[in-house]
Amino acid sequence: MDPLEKMHFTTIDYVIFALLLVASMGIGLYYALSGGRQRTTQEFLLADRSMSCLPVSLSLIATFQSAVAIVGVPAEIYTHGTQYWFIGCAYILGLLIPAHVFIPVFYRLHLTSAYQYLELRFSKPVRICGTLTFIFQTVIYMGVCVYTPALALNAVTGFDLWGAVLATGLVCTLYTTLGGLKAVIWTDVFQTIVMFAGQLAVIVVGVQQTGGLAEVWRKVWEGNRISGIDLNPDPTERYTFWTLGVGGVFLMLSLYGVNQAQVQRYLSSKTEREAIMSCYMVFPSLQVALALSCVMGLVMFARYCGEDRFHKIGNLSKNEMVLYFVMDMLQDIPGLSGLFIACLFSAALSTISSAFNSLATVTLEDLIKPHCSSMTEARATLLSKGLACSYGLMCLAMAYLTHVMSDSVLQAAFKIFGMVGGPLLGIFCLGMFFPWANSTGALVGLGSGLVMAFWVGIGSIVTRTSGGPAAVSHFNCTAVQLSGNITTAVGTALNSTAVPTSTSSQPMGLQRFYSLSFMWYSALSSFTVVITGLIGSFLTGPMKEEDVTPGTLYPLLGNMLFFVPDNLKQNLCCSTPLGHRPIINVQDVCTEEEEEEEERQNFLPTSPTPVVEHETTV
Ligand SMILES: CC(C)(CO)[C@@H](O)C(=O)NCCC(=O)O
Ligand code: NA
C-alpha cells in the first residue's frame, strides 16, 4: 500500500480555519453579554422561548448533519452508486409527522425537557430511564462527531489529530457555556452556511477539473454510479428503497420527532406555529444538504475514473477518501482547502454544541431539579453552565473511545441512532398513541426495546454482518480494475482486521437476524417497545383514558378510526382530542405578560394553524 503524500496547508487556509473558530467564539461572547446575559435557565437553555423559524430550521438541520455525513455520504456514493439518495423520500413523512404530531403535543405541554413528558404521561422512573437512555446515546454520538473530522484531516494533511480534537472540543465548550442556546442556534446558522459553501466550492471546482457537467454525467453514467430504484424486499440489504424510504422514516422520527436536541429547538420557538414552520423549512434545506453530498460523491467518481490514482484512492478508508479528493483538487487554489476544512469542522461544531446544551438541559431538569426543589434561579443557571462545560470535556474523552473502536463512521452513527434512539421513539409513541399503556408497561417496553436493539446491533458487530462489505456494483471505466480495491476500502473502513469480502452465502437463522440492515434498527426497536409495552400494560391493568394526564395523548387511533361511530370509539378509549390549552409547568418561570402573549399568538381563533384540524375531527 503506497501511502499518499501528505498535502499541505498554506497560511491562508489556516487563517480561514481560525476565522471559523473566532467567529463562533464571537457569537458566543455576543450572547453572553447581550439580552438577559444568560442569567436565567430560560435564556440559557431555551433562548427565552423567543426564536423565529428561520434560525431554528437551520439549526435543526445542523444538529444531525455532522462531518460524519459530509465525509461518509460521498464515499458511499463513490463506492456503491446513488441508491443512498433515496433516503430523501423518508424526509417527507419524517418531518410531517413531527410537525403535526410531536410538536403540538410537546409545545402545548410547555415542557423544557422532552422527558418531562414521560413523567406527565407515565411516572418518574420512566422519565429517568428515558433521560439516561438519551444521555447514553448523545455522549457516544458526540465522540464520533468530534473525532471524524480530526481523523480525516490528520490522515491527509498530517495535521495533529489530538490538536484538532482539542481545538474543536474546547472552542465549542467555551461558546456553548458562554452564550447558551441562543449562541448555539446562531452559530448553527453561520456554520450551516459555511458547510454549504464548502461543499459547493468543491463541487464547482471538481466539475470544472473533470471537464464540465456533461463529462461528469457521462462518466458516472458509464461507470454505473446512477442507481435505479432497488425494490428488493430483503431486509438484510443495506440500502434499498424500503430500508431507506421506510426504515429511514423511523430514523428521522427518532431524530426530528423526539430527540431532546430537536425538541428543545421547537420549544425555544416563539409560537407553536413558528415551531411547525421551522420543521417544514427543514425539508428543502435537508434535501439540499443531501444533494450536495451525493453530487460530491459523483464528481469524485468522475474525477478519478480511468486514472491510475484510482488504485490508491481505493485503498484509502472511506473517511479519508473525500478529504484526499478535496485536498488534491483544491491545493492549487489558495484558501479553498481551508474553506472545506472549515466546512467539515462547522458540521462537527454545530452538532456537538447542540449535544452539550441538550445534555445540560436534561441533566438539570430531569436528574437534578426534582431533588433540589429549593434551588434558586441563579444557582440553577450556574449549574447548567457547569454541566454544559463538563459535557464538553467529556466529549474529548469520548473522542478517544471512538479512536479505540474504529468503524465506518456513517454506519456507526446510524447504529447509535437506531439502537438507542429507536427505543426512545418507541416509548414516546407508546405514551402518545395508546391510552391503555401504563408505567410498568412503559418500563418493560423500553427495557425490551433496548435489549432487542443491542442484541441485533452487538450481534452484527461481533459477527461482522449488517452493513458488511456489500457486493460492489461493477465499474465500467476503461483501463481500471476497481472492484477489488473498493471492496478492500470498505473492509478497511469497517474493521482493521481482515473481513470476509465475499457475501455470496445466504446467512441463516440468528446469523440472518444479525445481518438485518442497520436502517431497520429504529423501526425494529420502536415496534418492540410498543408491542411489549402494550402487552405489559394489559397484563398489569391497562390505564383508563380518563386517568391519563390531559394533553399527553394524541388521538391517532381516534383519527384513524374516523369511520367508527363516536360512542363506540368512547368504549375503545381512543377519542381524547389533543389538549387545547397548554398545561403550565410549575417549574417554568414565566411572567404573566409572556403567558398572555403566548396564548394570544397560539390560540387566535382565526389563526390558520394546521393544528385546528385535529379539533374538528373529534
Ligand atoms: C440524519 C440524516 C440521515 C438526514 O439526512 C443525515 O444527516 C445523516 O446521514 N447523518 C449521519 C450522521 C451525522 O451526520 O452525524
Ligand atoms: Na452539524
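Note: Cβ is positioned from N, Cα and C throughout, glycine not excepted.
In TrEMBL this protein carries:
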| type | residues | note |
| --- | --- | --- |
| TRANSMEM | 12-33 | transmembrane segment |
| TRANSMEM | 53-73 | transmembrane segment |
| TRANSMEM | 85-107 | transmembrane segment |
| TRANSMEM | 128-149 | transmembrane segment |
| TRANSMEM | 161-181 | transmembrane segment |
| TRANSMEM | 193-211 | transmembrane segment |
| TRANSMEM | 239-258 | transmembrane segment |
| TRANSMEM | 279-302 | transmembrane segment |
| TRANSMEM | 339-362 | transmembrane segment |
| TRANSMEM | 413-434 | transmembrane segment |
| TRANSMEM | 441-462 | transmembrane segment |
| TRANSMEM | 518-539 | transmembrane segment |
| REGION | 594-618 | region 'Disordered' |
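Beyond its flanks by at least six residues, the transmembrane segment (128-149) meets 66-68, 71, 113-115, 118, 164-165, 168-169, 259-261, 319, 341, 344-345, 347-348, 351-352, 355-356, 358-359, 362-363, 366-367, 391, 394-403, 409, 412-413, 416-417, 420-421, 423-424, 427, 443, 446, 450 of its own chain at Cβ-Cβ distances under 8 Å. Of the two recorded stretches, the transmembrane segment (161-181) lies close to the transmembrane segment (339-362), with three or more CB pairs under 8 Å once pairs fewer than 6 apart in sequence are set aside.
Taking every recorded stretch in 279-302, 339-362, 413-434, 518-539 and counting its Cβ pairs under 8 Å to the transmembrane segment (85-107), the highest total belongs to 279-302. Within its own chain, the transmembrane segment (339-362) is flanked in space by residues 9, 13, 16-17, 19-21, 24, 45, 59, 62-67, 69-71, 112-113, 115, 131, 134-135, 138-139, 141-142, 145-146, 148-149, 152-153, 164, 168-169, 171-173, 175-177, 180-181, 183-184, 187-188, 190-192, 194-195, 197-199, 201-202, 260-261, 264, 323, 326, 330, 384-385, 387-388, 391-392, 395, which lie at least six positions past its ends and keep a Cβ under 8 Å from the stretch. Sequence-distant contacts of the transmembrane segment (518-539), counting only residues of its own chain at least 6 positions beyond either end whose CB sits under 8 Å from a CB of the stretch, comprise 235, 238-239, 243-244, 246-248, 250-251, 253-254, 411, 414-415, 417-419, 421-423, 425-427, 429-430, 434, 436-438, 440-446, 448-450, 452-453, 456-457, 460, 466-467. Away from its own ends, the transmembrane segment (12-33) comes close to residues 167, 171-172, 174-176, 178-180, 182-183, 186-187, 190-191, 194, 334-335, 337-339, 341-342, 345-346, 349 of its chain (Cβ-Cβ under 8 Å, at least six residues beyond either end).
Within the chain carrying the transmembrane segment (239-258), a Cβ under 8 angstroms from the stretch's Cβ atoms is held by residues 60, 64, 80, 83-84, 86-87, 89-91, 93-95, 97-98, 101-102, 114, 229-233, 279, 282, 414, 417-418, 421-422, 424-425, 428, 517, 519-523, 526, all 6 or more beyond its ends. Within the chain, the transmembrane segment (53-73) has long-range Cβ neighbours (under 8 A, six or more residues past its boundaries) at 84, 144-145, 148-149, 152, 184-186, 188-189, 191-193, 195, 199, 255-256, 261-262, 265-266, 268-269, 274-275, 277-282, 285-286, 289-290, 293-294, 296-297, 318-319, 321-323, 343-345, 347-348, 350-351, 354, 408-410, 412-413. Nonlocal intrachain contacts for the transmembrane segment (413-434), taken as residues 6+ away from its ends with a CB within less than 8 angstroms of a stretch CB, comprise 66, 68-69, 72, 101-102, 105, 114, 117-118, 121-122, 126, 130, 133-134, 136-137, 140-141, 144, 250-251, 253-255, 257-259, 441-442, 445-446, 449-450, 453-454, 457, 518-530, 533-534, 537, 552-554, 556-557.
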